[in-house]
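The domain 'ATP-grasp' annotation in Swiss-Prot covers 81-328. Swiss-Prot lists 125-185, 207 with the feature ATP binding site, giving sequence analysis as the kind of evidence. Feature annotation from Swiss-Prot assigns Mg(2+) binding site to 273, 286.
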C-alpha cells in the first residue's frame, strides 16, 4: 500500500509563519499560497514554506500536493465564506462553524447558548442610551469599528465610517454595549481526538488609533475632534492572574459544548474575545473560531503550553500535531471537512 504524503498549507498572511513553522517541527512539508510580493517572506527571510503557490486559492495544485488547508482570519476574509464552504481541499476544522462566526446574530445565539456573560446588543440605534461599539460582520481586524455615545452620534459616524444612511442598511452591523474593562483574548485548542480543551496562550491587541490617542492631551483631542478607531496593528503577550484562569477555561468548555449542539462541534484553535471588568467578570463580545494572530508572540510556546508539554508548543504546532496523530490513528477524515 502506497503511503500518501500529506502537506500542510495556509494562506500567506495572518499567522502563516507560525503555522508553517509548527508544521515543519512536526515533520510535515509545507505550502504557502498568496501574492507574488510576499513570497520572499516565507521562502527567503523566514524559510518556512517548502512550496509557494502564487494565487488567491490554487485549488488544483493544492489537491495535487495532498494539502490540508489551515484556515486563518485572512484566509476567510480574502476568499469569503461561500468559497471556503465549496472548496475541495481538506480543511482542518468544521466548515459549518464559519457561518456562525461570520454572522454576528448567529454568533450571539452561540455565545448565549454557552451561557457566557455578554454585552447588551441594540437592534434599534435610536434606543442607544449608553456608549456602544459598532462592528461590521466578519473578520476584518477591527476595521470599521467605532464608538458612539447616543443615536445622533451613531448616525453621524455610521455614515462617515461605513457609508450607511438608513436602518435598512444596518443588517450587516452589530451595535454592542461598550463594556469598560481590560481586554483579554484567551487562545484555546480543542482536540477532537482526545476530547480535551487546552488553554494555549493569552494576548491583548495593539490597535490604531485607540492605543496611541492617550499620548495626545485631552484638550487637544477635543480640539482635533479625533475619532477612536480599532484597527489591529499587533499583539502583546499576557499572563492572566492565576485566580482568573478557571473563568476563561470554563468559558471555553461551555463554548465547545454549545457548538456540539448547534453545529456539530468546534475543534482546533479558537479565541474568545472579551474584557475583565473591575468586578472581575469575564464579558465576551465575540468569538474567532480559528487560529488568531494573537498566538503569534508564542511561536516558541507560552507559559501555559510549557506547563502542559514541557517543550516548545505554539498553536500552529499543536494544529500540526493533531493532524499527525490523526494520520497515525487513521482518523484524518475526522478532523477535516
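Any Cβ shown, glycine's included, is placed from N, Cα and C.
Sequence features, as recorded in Swiss-Prot, placed on the structure.
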residue : record              : Cβ neighbours (10 Å)
125     : ATP binding site    : 21
133     : ATP binding site    : 18
149     : ATP binding site    : 14
157     : ATP binding site    : 17
165     : ATP binding site    : 10
173     : ATP binding site    : 16
181     : ATP binding site    : 16
273     : Mg(2+) binding site : 16
286     : Mg(2+) binding site : 19
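Residue 149 (ATP binding site) sits 21 Å from residue 286 (Mg(2+) binding site), taking the C-alpha atoms as the reference points. Within 10 Å of residue 273 (Mg(2+) binding site), judged by CA to CA distance, lies none of the binding-site residues 125, 133, 157, 173, 181. According to DSSP, residue 157 (ATP binding site) sits within a helical segment. According to its DSSP assignment, residue 125 (ATP binding site) is helical.
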